[in-house]
Amino acid sequence: MEVANATQQKHFVLVHGAGHGAWCWYKLKSLLESSRHKVTAIDLATSGVNPKRLDEVDTLQDYCLPLLELMAAIPQDDKVIVVGHSYGGFCIALAMDLYPKKISIGVFIGSIMPDSTHPPIYFFNQYYEWNPDGDDSPDTKVETYGCPDQPRTVIHFGPIYLSTKLYQNCTSEEIELAKVLVRPVTLFSEDLSKLKAFSEEGYGSVKRGYIICSEDKAFPVGLQHWLVDNVGVSEVKEIKGADHMPMISKPQELCQCLVEIAEKVV
């Protein structure tokens, strides 16, 4: 891949999806860095090697705190490209809303992408309308914890779900890696139901890009196209043959998409 010169160098901030962590970007991070770009891959709360437990994180903002702390530390004159995968779309939207002047574009990969008109729960519900089975699988376990009057839901992705819905185009070794590293998740649906729409002057002022995964069995391809058509983006790419985890199954193609998008933003 062509090496970026000093004026072309970009800073990519990679934000994983539910249950995953910074580890899932290992191929893409190496490719972008070999092109002389700066890359920061973070672990959100309760994810990867982050020490937080599920019972210590109550809200979307709590979950996104590592990302928000990173954004707060970025110098005012710097701009980054935030990249969100799957549920991570909510996280980069929050960062775009709070730090619009520090972000040149937000890129959504097979991801929820809100607008500045509807509350976040609207897009959470759209996912289940397009995908009524949701995360159901013979080996996916759903449990509740916390106070009986305000129970929390936690989802454990099983190996069958991982191998058939998320990683179906990945190698057996990559699937085994996911089985070892993926952590239980909560989706903060109760908190999402209380949140207002992201602001037009914040989130709505930042450019958006979308990368469609053409063989995604976890986040419906039809919903990805619907989001592009109804929310609106300045850049759209599609990766043929990509499952829900293109950073692992199609890293070269994903890298090329991100570099091409980056070249078009200041």
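Just so it is clear, glycine is given a Cβ too, placed from its N, Cα and C backbone atoms.
Here is what Swiss-Prot says about this protein:
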type: ACT_SITE; residues: Ser86; note: active site
type: ACT_SITE; residues: Asp216; note: active site
type: ACT_SITE; residues: His244; note: active site
type: DOMAIN; residues: 11-121; note: domain 'AB hydrolase-1'
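Feature map: Swiss-Prot annotations on the structure.
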{"residue": "Ser86", "record": "active site", "DSSP class": "coil"}
{"residue": "Asp216", "record": "active site", "DSSP class": "coil"}
{"residue": "His244", "record": "active site", "DSSP class": "coil"}
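Contacts of Asp216 (active site) defined by a Cβ separation under 8 A and a same-chain sequence distance of 6+ are given as Gly110, Gln224, Ala242, Asp243, His244, in order along the sequence. The Cβ of Ser86 (active site) lies under 8 Å from the Cβ of His16, Gly17, Ala18, Ile109, Gly110, Ser111, Ile112, Ala218, Phe219, His244, each of these being in the same chain and 6 or more residues away along the sequence. Helix, strand and coil counts under DSSP for the domain 'AB hydrolase-1' (11-121) come to 45 helix, 23 strand, 43 coil. Its Cβ taken as reference, His244 (active site) is surrounded by 24 other Cβ atoms within 10 Å in the chains shown.
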